[in-house]
Structure formats: structure tokens, C-alpha cells
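The domain 'RCK N-terminal' feature in TrEMBL is assigned to 409-526. Residues annotated as domain 'RCK C-terminal' in TrEMBL: 575-658. TrEMBL lists 6-24, 31-49, 55-74, 86-109, 115-136, 148-170, 182-204, 216-234, 272-290, 296-319, 331-352, 358-376 with the feature transmembrane segment.
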């Protein structure tokens with residue numbers, strides 16, 4: 001790689017830092033920032049960087065990692081749980097959208113069947129990244145339109161697999177034997193998939209098991225990268241898209257216990273290289289074409305979004321969904337997605353589409369992605385304005401909650417009726433305490449109501465729903481959602497209406513412990529923290545300690561929750577993973593020698609508190625002294641046990657040894 005390439009990549013990354021940071025400030029997807037960077041620095045922009053094979057190669061590796069990551073996140077249990085949405089609404093949406101665009105492209109734009117099929121297939125797909133993030137931020141993933149949108153997105157991801165096989169085959173057909181070429185490509189795709197699935201079961205699982213036992217983070221990361229790239233190379237050697245191989249490899253590893261660690265390890269490589277891909281997409285777009293044809297390209301963008309909206313409304317009607325729910329689903333999915341850009345880029349590389357057509361379609365796709373966050377954010381408002389019956393349905397739902405719970409006072413409101421919420425409800429019932437529950441899983445609500453439980457379908461992050469649940473005279477609120485954003489929005493809504501009411505929040509771990517306390521939670525209960533306390537209590541009881549002694553120890557740990565989260569030994573694990581688990585402060589041991597600066601000085605003399613570091617203990621010989629006083633004088637061969645943030649510990653250790 002010569003100096004020019006290094007400079008080009010450095011320039012791309014430097015401009016990306018600024019533009020992506022600006023996009024983040026404006027709450028726009030980073031993808032759009034990268035595309036804008038490409039347009040700015042590319043041949044038709046400022047002209048800083050011309051198209052380069054090395055940059056395109058790195059961008060292709062980014063796509064490999066994207067598909068690998070999507071495969072990791074692909075969940076068969078989730079697909080089965082949403083099978084009606086996936087195989088019902090998803091199938092109809094993709095087929096009908098592709099068919100309608102296919103016919104329009106042939107009749108009105110006089111494109112050939114291959115071009116029409118590629119464009120129809122690409123435009124039928126939506127942006128998984130934008131939709132999932134925006135719905136999660138709004139706490140709508142578990143709503144009726146959220147579940148429908150996720151189901152359709154899962155099917156779109158599934159359909160991307162055969163499309164990644166078909167597009168290259170369409171680009172290299174044997175003269176007069178297109179059907180044979182397609183059949184042969186699909187057969188090769190099935191063969192590669194079967195081979196990778198077998199390798200995943202009999203090779204990859206044992207391989208990762210052995211690598212994990214080595215406790216080498218570098219080896220684990222190296223293995224992940226090797227597997228992703230080898231799978232891609234295998235697919236490409238078979239004459240099909242290398243992204244298919246990466247997707248299958250990711251899907252296999254997604255079913256293993258190493259899924260989250262693999263995802264964490266590959267994310268930095270994926271994000272940077274994928275950024276380069278979207279930059280190359282932007283480099284292929286032209287400000288000149290956009291400026292000269294802006295009105296027509298905008299009209300094309302709106303036409304694509306309107307068409308996708310109408311198709312999803314039709315699908316919703318066929319599946320007997322309420323109009324308001326179908327409309328909110330359509331507004332969430334009417335943009336073009338990353339897979340669409342990948343397919344269009346692939347089609348361009350095989351000369352299936354001419355440059356001008358590709359420019360128009362891809363520019364329209366990017367504009368639709370820019371509009372997506374706004375439409376998703378206001379999908380509820382738009383649905384209520386366009387479908388008055390849907391707005392009335394929401395009012396009726398609130399009235400149902402209000403009327404059926406009108407007798408309640410001094411009751412508990414359970415926000416979330418999953419396993420934790422249901423277990424809480426059982427204890428409240430046994431104690432004869434009145435309660436009602438709010439949940440967004442329509443099936444769960446239906447079954448619970450059939451069983452006579454006071455459970456209602458409603459979004460507890462909406463103040464009107466909480467008011468309908470008579471929060472003004474409730475005694476306590478419990479929030480048990482697994483979705484952190486939903487839990488936080490609910491807490492904020494509760495605090496706006498009732499600053500005085502006790503609010504108990506359950507979290508899976510301690511990552512967001514302080515955030516919820518600052519937002520107004522009375523108590524934050526962590527699954528991992530409580531499980532460790534319960535296990536510790538059982539161990540102490542088995543060792544013969546009295547119940548009173550154990551209960552006092554547990555109560556003390558709960559009282560000093562934040563301190564208990566301090567002082568974990570890092571080991572060989574990933575520091576980022578420890579932080580993700582809510583572990584903010586670590587423990588480090590510093591052995592002193594006769595030459596150490598701290599030797600002969602008292603703990604008070606060292607002023608370690610100025611470095612935000614605490615001396616937890618001093619080990620002298622076989623004796624460990626906990627919480628030593630400031631007057632304790634340190635000696636040669638003492639081991640000082642420090643607690644603090646990783647960066648502060650580094651400075652403190654260096655200071656103890658050198659005095660600097």
C-alpha cells in the first residue's frame with residue numbers, strides 16, 4: 001500500500017470523524033454521515049480522493065463483516081415467535097413491492113426484465129439499522145406495529161441470501177441459458193450453505209471452545225476474523241457472493257454461547273470498514289446529477305416511499321391488522337435499506353445497471369433513509385391524524401383501563417408483565433395487595449386477561465396510559481422491562497406525574513444503575529447483583545453462619561450497593577466487557593520493594609485520594625489489613641491493594657513506584 005493510499009484513508013477517516021459527529025448531534029444515522037463524506041471528498045465533490053481499488057477492497061471487507069454481524073444477530077427463536085409477521089406480512093411485503101416496482105419499471109421506464117427485477121428487489125428492502133434503533137429509542141419494539149416491523153425486517157434479511165446469489169448470476173449469464181445459470185447458482189449457494197452449516201456444527205463449535213479455554217483475547221479475535229473471511233472466500237470461490245458465506249458463518253456462531261463476545265470483538269473492524277463502504281457509495285453519487293435533477297429525484301424518492309407505504313397498508317389489510325397499526329408499520333418501513341444499497345452496488349459492479357440509472361436510484365434511496373428517522377419518530381401522531389378510528393382506539397384503550405380499575409386505590413402499577421412482573425404479581429396476590437399490570441405483548445395480555453388477571457395492553461411510557469391506571473392514587477410503581485430505553489422512558493413519565501411515589505426498577509445488570517437513580521428511581525434491583533447476594537447467603541448458611549448474621553451482611557451489601565460494585569479483579573477479560581456489566585472500578589495489587597517511592601511513607605503522605613484511588617487493604621506477610629488508617633507506614637515487600645478507575649489505577653501504581 002503506497003503513501004497515496006495511506007493519505008487517502010487518513011483523509012477519509014478524518015473527515016468522517018467531523019461529519020459523523022455532526023450527524024450524531026442532529027440525531028441522524030451515521031450511515032448518512034458516511035455517504036455525505038463520500039459525496040464531499042469524491043470525484044464529483046471536492047475531488048480530494050479519486051476512486052481507488054484499495055479503498056473499494058476495504059469497503060468490500062466491511063460488507064463481509066456487516067453480513068457476518070447480521071448473521072450473528074439473526075435469531076431463529078425470535079423468527080419463530082414472530083412467524084406470522086415474518087412469513088405472512090414479510091412474504092407479502094417483499095413479493096408485492098418487488099412485483100409492483102418490476103412492472104412499473106418495465107412499463108413506464110422501459111427497463112429490461114433483469115434491471116427491473118434488481119431495482120424492485122433492492123427497493124423492497126428497508127433499513128434494519130435505522131428502524132430497530134429508532135423504535136428501540138422510542139420504546140416501541142414490543143408494540144403491535146413494532147413487532148410487525150421487526151417480523152418483516154427478519155424476512156427481508158432472509159430474502160437477502162438468495163438475492164446475493166441471484167444478482168451475480170444475472171451479471172454473468174450463459175448465452176441463452178439464464179434459467180440454467182440461475183438454477184446452478186442457487187444449487188451452489190445451497191451447497192456452500194450446507195457445507196458451512198456442517199463446518200459450524202463439527203468444526204467451529206469445538207474450535208471456539210478450545211480458543212476460549214486458552215483465555216487469550218488476541219487469539220479469540222484473530223479466530224473470529226479468520227472465520228468470517230474464510231467463509232466469505234469459500235463462497236466467492238464457488239462463484240457466489242462472498243457476503244453470503246459471511247452471513248451463514250455469523251448465523252451459525254450466533255447460536256453459540258460465544259455470540260456476544262464475537263459481536264463485541266468484530267464491531268470495531270465492522271464499523272470502520274463498513275463506514276468505508278458507505279463512503280464509496282457516496283463517492284459514486286454526484287452533486288451535479290442531484291442539483292440538475294433535484295425535483296425529479298425528490299419526486300422519485302417520495303414515489304418509492306408512497307408505494308412501499310401503500311403496499312404495507314394492503315398487506316396489513318390482508319392480514320386483518322387495524323388500519324392504524326398498519327399505517328405505523330408502513331411509516332416505519334417505507335425507506336430503502338443498507339441491503340438495498342449493497343444489492344444496487346453489486347448490480348453496478350456487474351454492469352446490470354447503467355451509471356445514470358444507478359445514480360438516480362441510489363440518490364433516491366439515500367434521501368429516503370434521511371427522512372426515515374423523522375417519519376418513524378412521528379408515526380403515532382401521523383397515524384392518529386390520518387386514521388381517526390385509530391386515535392379513538394387509543395382513547396378507548398385508556399378508557400378501558402380507567403373503567404376497569406376505577407375501584408383501585410393504594411394499588412401497585414406493574415409496568416411489564418414478563419416473568420419478573422408475573423412473579424411479583426403472584427406475591428402481591430398472596431399478600432392481598434391490589435395491583436394492575438401494563439404490557440405491550442398483545443398475546444401475553446390476552447392470555448392473562450383470559451385467566452382473570454388485571455393486565456392491560458398499554459404503553460406505560462405514555463402519561464395518558466399512566467393516568468388511566470390511576471397513578472394519582474397508586475401506592476407504588478414497579479418497572480421490569482428488559483428494554484432499558486422503555487424502562488427509562490416509563491420512569492421519566494412516572495416522575496412527571498408523581499414525583500413522590502416510590503418506583504422500583506429491575507435491570508438485568510448494573511450498567512445503567514446510576515442513570516436510573518439519577519432519573520428518580522427509588523430502588524434499582526439488578527438481576528446479577530441479587531443473584532450474587534442470594535448465592536453468597538446460601539454459601540454462608542451452608543458454612544454454619546446464623547441467619548441473623550447472613551441477613552445483616554446482605555442488608556449491608558444492599559445499603560452500600562455502589563461500593564459493592566467496586567473492586568473487581570480484571571483478569572484476562574475484555575475491559576470493555578467489564579464496563580458493559582456495570583463494573584466501573586477495579587482492584588489492583590501493587591507489590592512494594594525497597595526502591596519503591598511509597599516504601600517508608602504513610603498512606604496519608606501519599607494523598608492517593610487526589611488521584612481518585614482508594615487503599616482497600618495492605619497485605620504484610622500472611623496478614624491482610626482491611627481499610628488501613630492514613631497513619632499506616634508502608635514497608636518493603638508490602639502489597640498495597642488499590643480500588644479505582646483503570647486509568648487512575650495506572651497513574652497511582654506508577655506514583656507508588658516512582659513518585660511521579
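Cβ from N, Cα, C; glycine included.
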Mean predicted confidence [pLDDT] for the domain 'RCK N-terminal' (409-526): 88
The transmembrane segment (358-376) in contact with the transmembrane segment (31-49), cutoff 8 A, at least 3 CB pairs, sep 6+: yes
Segment-segment contact (the transmembrane segment (331-352); the transmembrane segment (272-290)) at 3 or more Cβ pairs under 8 Å: yes
CB contact flag for the transmembrane segment (272-290) and the transmembrane segment (86-109), at least three pairs under 8 A: no
Contact check, the transmembrane segment (86-109) vs the transmembrane segment (296-319), 3+ Cβ pairs under 8 Å, seq sep 6+: yes
Positions whose Cβ lies under 8 angstroms from the transmembrane segment (115-136), at least six residues beyond its ends: 29, 31, 70, 93-94, 97-103, 105-106, 146, 149-150, 152-153, 156-157, 159-160, 163, 167, 170, 304, 308, 332-341, 343-344, 347, 352-353, 357, 361, 365, 369, 372-373, 376-377, 483, 485
Helix, strand and coil totals (DSSP H, G, I; E, B; other) for the domain 'RCK C-terminal' (575-658): 27 helix, 25 strand, 32 coil
